[in-house]
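Please read the structure below before turning to the comments.
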Amino acid sequence: MLVSVLSYIGYNYISPTIAKGLISGTETKANTVNSKTLISNKDLSTQDESYVLIDPQTTQILKSYNADLKRAPASTTKLLTGLVAEKTLQDTDVVSVGPEVNIEGSQLGLSPGDQISVKELLTALYVHSSNDAAAALAVKISGSIPAFAEEMNNYAATLGCTDSQFTNPHGMPDPDLYTTANDLSKIASQFLKNERLMKLVKLPHARIQWKDAKGNPRQGEFDNTNLLLGNYPGDEGLKTGTTTEAGQCLVSYVTRPDGDLLLVLLGSENRYNDTIKLLDEGWADQRSKAALRGLANDPKSLIMSPGIF
């Protein structure tokens, strides 16, 4: 039964062993909520969510729902944070952190006076979704969180985002912080072009090292918050995000020999189930279109490939 639930139309499926781990897995990060059953044979978890599925190579929208609805993005905000940081800082730059790292939610464990490289901060940002790392980067670049938020909004505007407003670098709840699935897809599309940052979102695990105010070495080891990474065929990661206000959010990039898909999902009650369903439907549609193109070029292919439709 489990295999039939997880089978992908015309492709591969998640093994029962991996599926069992996903189904029983929960996220314990402080700014996330425990997941419900991650994969099940049902429709989308709620009609209140927003999503947009695009072909990143052509920017064509393949499917969308509530894509222009303004809503809280939670930690998917950090996609934009990294883009702003990357254009300003070098990996080897060292950040002396201040009181800005005293923040709620998922944390690396930084304290005022700690010394840490930009590379380690960015790694923590995308593997562990560390809010203190986001705050440290913001203050290093702009001197304050509000000033950095202004840079975020300016950068988003250059990407064509018209229905977004960012007030902090980590996505913690703020009534004035919002975006849309469409706007976030523009940010994610830009993120895909950044090889430096894409390497980080693909990491399944990371060891982060830094020094405290007295020069003593410190470190933390973390698994990637994205449970689809390495488990869904072709998944290249991107960013999770969850708060009570935002619901469960997930931005996913999947690449396969027959094409790429980018999915932005906001406000889900079961992001993994919904992401898999939407991606599977996207692949099925893409293969059907490819088959029709092939049939137009070679009508005999219909005879050679019975049941393709």
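Yeah, the Cβs are placed from backbone N, Cα and C, and that goes for glycine too.
Fair warning: this is a prediction, and the values are worked out from it, not measured in the lab.
Copied over from TrEMBL:
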- S75: active site, acyl-ester intermediate (ACT_SITE)
- K78: active site, proton acceptor (ACT_SITE)
- S129: active site (ACT_SITE)
- K239: substrate binding site (BINDING)
- 45-269: domain 'Peptidase S11 D-alanyl-D-alanine carboxypeptidase A N-terminal' (DOMAIN)
### Message
Mean pLDDT across the domain 'Peptidase S11 D-alanyl-D-alanine carboxypeptidase A N-terminal' (45-269), rounded to an integer, is what?
### Response
97
### Query
Roughly how many Å separate the Cα of S129 (active site) from that of the residue listed as 'active site, proton acceptor', to the nearest whole number?
8
### Query
If one measures from the C-alpha of S75 (active site, acyl-ester intermediate) to the C-alpha of the residue listed as 'substrate binding site', what distance in angstrom results, rounded to a whole number?
7
### Message
Cα-Cα, whole number of Å: K239 (substrate binding site) versus K78 (active site, proton acceptor)?
### Response
8
#### Entry: Neighbour count (Cβ, 10 Å) for the residue listed as 'active site'
32
### Query
If H, G and I count as helix, E and B as strand, and all else as coil, what does DSSP give for the residue listed as 'active site, proton acceptor'?
helix
#### Entry: Neighbouring C-beta atoms (10 Å sphere around the C-beta of K78 (active site, proton acceptor))
27
